[in-house]
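Asker: One structure, pasted below without further comment.
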Ligand SMILES: Nc1ncnc2c1ncn2[C@@H]1O[C@H](COP(=O)(O)OP(=O)(O)OP(=O)(O)O)[C@@H](O)[C@H]1O
Ligand SMILES: Nc1ncnc2c1ncn2[C@@H]1O[C@H](COP(=O)(O)OP(=O)(O)OP(=O)(O)O)[C@@H](O)[C@H]1O
Ligand SMILES: [Mg+2]
Ligand SMILES: [Mg+2]
């Protein structure tokens with residue numbers, strides 16, 4: 001049988017920078033091909049070329065059957081409904097091009113079920129959690145691929161699991177396996193190498209825009225894949241974390257808002273505290289409510305001897321208290337995509353870059369931006385390029401670096417390593433741990449149980465908006481965490 | 001509150017009608033209804049025009065120029081060169097559509113924001129209009145055309161009004177019931193995402209700008225036909241009223257989206273107040289105070305009722 | 001290419017100057033320079049005004065009305081009620097600032113898009129201006145004020161030009177060199193990011209709208225002072241040219257951002273062509289063709305040079 | 001200090017009007033006499049003093065037009081440029097202010113910068129340019145206003161005024177209404193106070209009707225240029241609906257009437273109302289022949305005659321001769337009785353008067 005997708009000599013140059021270099025690749029029928037590579041190695045660019053979003057440099061040859069895509073940034077419009085987002089490009093029309101809403105509604109139900117998403121099709125996407133949004137994007141991919149008929153079909157997923165909890169991942173894998181059983185193929189991009197090994201038949205590795213290897217997944221260990229990706233061997237992913245000492249100086253009491261009903265905890269300087277739970281449990285609201293990004297309905301936050309009511313807390317006041325928030329929604333809340341890396345980096349701490357408290361010193365900014373880019377291994381290291389020209393993972397590093405500049409005393413993070421490659425993940429962890437060692441409190445809300453288990457001294461498991469369990473010490477393993485999260 | 005929001009403008013409208021009917025005997029009569037319905041067709045069509053491009057987040061500031069140009073073009077072809085009305089109208093509309101393509105090429109293909117492009121091309125077109133008419137009022141439009149535009153057609157109201165109504169119907173259907181309409185909203189909300197989702201963003205945006213220019217041209221033709229002469233200067237006065245009506249329309253009927261019936265209501269709402277004031281003898285500056293004031297009041301009211309859901313304009 | 005983009009408008013400007021100097025002997029002289037510099041101050045100040053709110057993504061369509069109102073207000077206070085120039089000017093500017101606060105309250109606090117709000121409040125204010133002046137030219141502004149506005153101050157150019165220059169300097173400094181300017185850019189690009197970074201988004205947006213109205217009022221006062229009288233209809237003329245200049249300015253010097261020197265260049269660029277045409281004897285529609293054409297050409301050129309980097313307007 | 005133009009129309013009207021009539025028959029008779037006279041071709045009425053223009057060659061005039069997008073203003077500037085050049089070798093630069101005070105100011109500045117010998121400003125209120133006029137005169141430049149309303153009224157510091165007799169125009173409209181309504185008409189004058197000549201004309205109509213027709217009734221409404229398109233149509237119709245007897249709709253200019261004519265046609269009210277205006281703009285005056293439009297009167301001012309008169313005034317001012325206060329530029333009433341005159345594209349043929357073309361040049365002597 002012929003291949004579903006054949007790429008020959010695909011290159012891509014942005015301005016004067018070549019980000020893809022003569023990539024030649026094929027996907028066979030019924031095959032799942034993993035595509036891995038460091039942040040900025042060109043994975044998304046390759047996929048956007050497939051989808052027609054970017055044009056490849058002249059000389060490339062692309063042969064493909066029917067394709068559907070799940071893009072890295074999800075490509076959803078928050079103000080529109082699940083149904084509209086799912087069907088926007090493929091509405092079925094009845095008499096006089098009228099949209100057949102009832103048919104459509106029934107039609108999408110199947111795909112929402114497939115990904116295990118139990119929401120009404122008329123819900124606004126913006127009202128869903130990031131995880132649920134990811135499932136919507138996957139459902140759209142499934143619906144699209146379903147529509148491409150019985151010929152050669154290829155579903156391309158760019159980091160679909162970045163926001164998914166383990167059960168969502170498993171469900172997705174089940175769906176993908178079913179698809180391939182029916183003869184469709186898939187391209188799967190992920191920074192979670194265990195997932196890649198588990199799901200894929202073959203793995204293509206990009207390094208600096210070049211395809212360095214295409215290997216059988218079964219033949220390689222995670223460590224092998226990692227070395228192929230980075231071109232060097234790597235040490236441990238997780239840093240050693242010192243056990244914190246001293247008196248608790250962050251006290252949160254009765255914090256509520258959104259899905260979160262009531263949460264109380266205390267933290268000592270240097271502690272890394274995790275929050276875990278299922279979507280809707282409120283674990284992912286903690287960073288926002290605590291820093292005033294979302295309006296809390298109640299509770300108090302006490303830092304040292306300063307106590308504030310959470311309901312009146314605003315980002316500005318939170319920052320003054322020494323708090324920092326790294327939100328999950330990079331595009332909307334993280335950084336200004338059109339502005340430069342330097343400008344994004346210095347935004348919250350601009351006064352520190354001024355002369356006479358009124359003139360911004362661009363020289364000082366540039367120097368620090370360069371240093372931060374280096375310290376956080378942002379590539380390409382060009383502080384004057386717009387943030388949106390960086391790959392997703394590198395953007396994430398920039399945004400973490402931006403908050404670190406202010407040397408926060410409380411660092412609240414939501415999915416800080418989403419879309420970040422293993423190497424970068426390691427660096428981010430090292431920075432978090434260093435911040436903790438320097439006396440900051442780090443609060444981490446994430447679906448990555450592995451990370452929680454390794455990094456945190458203690459994890460709060462939430463259900464129904466309340467903390468149902470605190471896991472710490474020897475009990476704190478990924479397995480136990482998952483158990484606690486999924487126990488009902 | 002949602003219902004309040006949907007109908008806030010209608011309620012204010014009803015209040016205004018009530019007030020003027022109470023204060024002026026002449027106001028509350030069918031002749032007033034006829035008057036209001038039959039004199040606003042040019043604005044109605046031009047408002048639908050700007051609405052189409054606003055619906056995909058494009059600002060077409062050349063609308064006034066196109067209205068002026070369309071009217072003069074048909075007057076020159078029909079009146080000066082003696083073309084038959086049919087071909088003269090068709091060619092004029094087509095030329096306006098071509099102008100829309102210029103706007104589209106510059107703003108969609110080259111990526112220059114449409115608000116800047118149309119500010120420039122609009123001025124250019126006004127200059128051209130003055131040039132081709134030699135800055136003179138153009139006359140000689142066929143009696144047939146003029147009669148068609150002004151003779152009562154149904155319930156004593158001339159045909160163009162029904163054309164406007166038909167265009168509203170089409171715009172309502174397309175925007176609210178077809179995939180294209182949904183896609184336009186999608187594009188307005190997030191152009192990049194729409195592209196990634198596989199929509200033909202370029203085509204749809206360009207199409208909207210062409211539609212705006214086409215409708216603008218049509219409005220100009222109705223204006224020239226109604227007056228049986230075309231004034232090359234007339235267009236510029238349509239810029240602000242059409243945008244005002246389109247924006248006000250976006251706060252009612254389907255609040256938060258540019259929608260046809262909202263625009264329809266807005267056009268007639270705004271004119272009702274002016275008409276009422278004229279009945280009471282307050283022509284002149286009170287009209288403007290009222291116009292501005294009621295625009296602000298209606299938008300604020302439906303906004304408060306609907307808790308900040310407005311189409312994101314800029 | 002970046003340099004080409006930065007200076008594309010300047011190059012086109014130089015070409016235009018070259019062309020007119022070649023075609024007209026009278027054009028290439030210091031008196032022309034003086035003329036061009038001394039007569040565009042009102043537009044310059046008003047352009048800086050709209051630029052300030054455009055810089056935070058707010059559209060203030062009431063600029064023209066404020067210019068008209070500011071002039072009439074000072075003329076009424078000084079000319080009719082016999083106030084001393086100082087208090088008359090200060091009170092007029094303050095009243096304009098209060099009007100800016102109304103815009104800010106409606107658009108920033110209530111969250112209605114500023115483009116709709118200012119369309120309404122602008123019309124309202126025009127009505128009020130006509131009302132307080134009885135729709136007539138108001139005269140009688142103190143000789144002192146008039147002399148200050150019109151007597152040569154330095155190099156034969158009157159003081160208001162230097163005031164405009166000073167305001168450019170301030171705007172340049174604030175927008176490009178202070179934390180506030182940087183914060184405005186972030187608010188324009190992504191309000192949520194700005195909010196989460198602890199910026200006082202509401203205050204800054206409101207402040208920008210107040211600044212726009214204040215500068216608009218100042219422009220009106222310069223206009224009235226220059227003429228020793230105020231025309232209540234004068235303002236409406238300023239809406240499109242100020243936006244044209246602000247947009248064109250955003251494509252040069254610091255392409256992609258609304259910037260003071262860009263606006264400065266744009267104002268004088270656009271007027272140079274018109275002045276040149278007048279020297280050559282082409283008053284009337286060729287001016288408009290040239291104005292629109294050169295606006296489109298300059299924007300397109302710097303756009304092509306800079307690979308689609310424009311401030312996101314709408 | 002204060003608002004200008006307040007008293008002006010009244011005094012002007014007082015100068016030119018006769019005493020009020022005692023009964024309506026007498027009024028109608030007087031009005032009829034005037035109307036008959038002005039339905040005929042306008043007669044040459046001076047001036048007679050020659051003017052030396054031999055030394056004027058090479059002098060420069062800057063002409064500031066309020067907006068050359070307006071047909072007649074464009075015509076005037078073109079024609080005047082030609083006449084000055086042809087007869088006096090005087091060079092005229094045209095500035096199109098495009099409705100902007102700023103641009104008009106620039107015109108004054110430009111004239112001063114270019115050391116012009118005279119400035120003519122067209123249809124711009126002198127009160128608004130007091131400072132500019134003073135400055136120009138200080139620079140030794142003569143200043144002439146054009147079409148500001150009242151002939152010979154030079155209270156803005158200018159050296160001379162050249163224009164139609166708008167007061168006369170206003171009176172003629174009033175006379176015509178008195179006659180047409182047989183002394184019983186109710187009318188609405190639609191002014192446009194942003195045009196300088198509007199007040200004198202509007203007041204003159206009101207004054208004349210009051211003088212000649214005790215039973216008549218005229219009111220004034222103001223609709224300014226930016227609202228012509230949107231407000232005039234509804235104003236016409238609301239007037240028809242609310243006060244059906246007020247059937248004389250009298251906007252100042254036929255360009256202002258144009259949007260209203262469409263509304264009348266649409267309302268099918270062409271037979272019920274009578275629209276009368278000034279300018280006889282080609283393209284609009286033709287609608288006299290279309291009963292559906294409602295246009296029944298359009299007084300024409302002879303635009304070429306105006307241009308000759310303006311040239312004459314400029315020559316006089318430049319050569320230091322005393323300016324003429326009222327040129328009595330030809331006016332002619334076009335109404336349904338003589339609408340057949342509106343024929344062909346040469347608007348000047350409609351007036352049946354062309355002696356200005358020889359009389360004026362005869363006054364311009366070379367040595
Ligand atoms: N529109 C663009 N203009 C310029 N450079 C770009 C553009 N898009 C991507 N790049 C650059 O291309 C390179 C590849 O980016 P890409 O997004 O394909 O990486 P990726 O492999 O998907 O990374 P990640 O794992 O972080 O998602 C990066 O260096 C990025 O900065
Ligand atoms: N965006 C949407 N998503 C899901 N369902 C929708 C959407 N818009 C409309 N529908 C549903 O489709 C059906 C018909 O839609 P709609 O209300 O637009 O039609 P209609 O009542 O015929 O039109 P109108 O009210 O405009 O006259 C309704 O059941 C409505 O709930
Ligand atoms: Mg990627
Ligand atoms: Mg419905």
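Using N, Cα and C of the backbone, Cβ positions are placed for all residues, glycine too.
Annotations for this protein, taken from TrEMBL, read as follows:
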TRANSMEM  B:7-23  transmembrane segment
TRANSMEM  B:35-56  transmembrane segment
TRANSMEM  B:63-83  transmembrane segment
TRANSMEM  B:89-110  transmembrane segment
TRANSMEM  B:115-133  transmembrane segment
TRANSMEM  B:153-175  transmembrane segment
TRANSMEM  B:203-224  transmembrane segment
TRANSMEM  B:236-254  transmembrane segment
TRANSMEM  B:261-282  transmembrane segment
TRANSMEM  B:288-306  transmembrane segment
Asker: Is the transmembrane segment (B:261-282) close to the transmembrane segment (B:63-83), in the sense of at least 3 CB pairs under 8 angstroms with a sequence gap of 6 or more?
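Answerer: Between the transmembrane segment (B:63-83) and the transmembrane segment (B:261-282), contact is absent.
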Asker: For the transmembrane segment (B:35-56), could you work out the same-chain residues 6 or more beyond its ends whose Cβ comes under 8 Å from its Cβ atoms?
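Answerer: Distant contacts of the transmembrane segment (B:35-56): 63, 66-67, 114, 157-158, 160-161, 163-164, 167-168, 171, 175, 184-185, 187-188, 204-205, 208-209, 211-216, 218-220, 222-223, 226, 238, 241-243, 245-247, 249-250, 257-260, 263-264, 266-268, 271-272, 275, 311, 313.
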Asker: Do we see three or more Cβ pairs under 8 Å linking the transmembrane segment (B:261-282) and the transmembrane segment (B:89-110), pairs being at least 6 apart in sequence?
Answerer: no
Asker: If you count every Cβ pair below 8 Å, which range out of B:89-110, B:203-224, B:236-254 shares the most with the transmembrane segment (B:153-175)?
Answerer: B:203-224
Asker: For the transmembrane segment (B:89-110), which partner among B:7-23, B:203-224, B:236-254 gives the most CB pairs under 8 Å?
Answerer: B:203-224
Asker: When you scan the chain for residues with a C-beta under 8 Å from the transmembrane segment (B:7-23), skipping those not six or more beyond its ends, what do you find?
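Answerer: Same-chain residues near the transmembrane segment (B:7-23) but 6 or more away: 248, 251-252, 262, 265-266, 268-269, 272-273, 275-276, 279-280, 294, 297-298, 301-302, 305-306.
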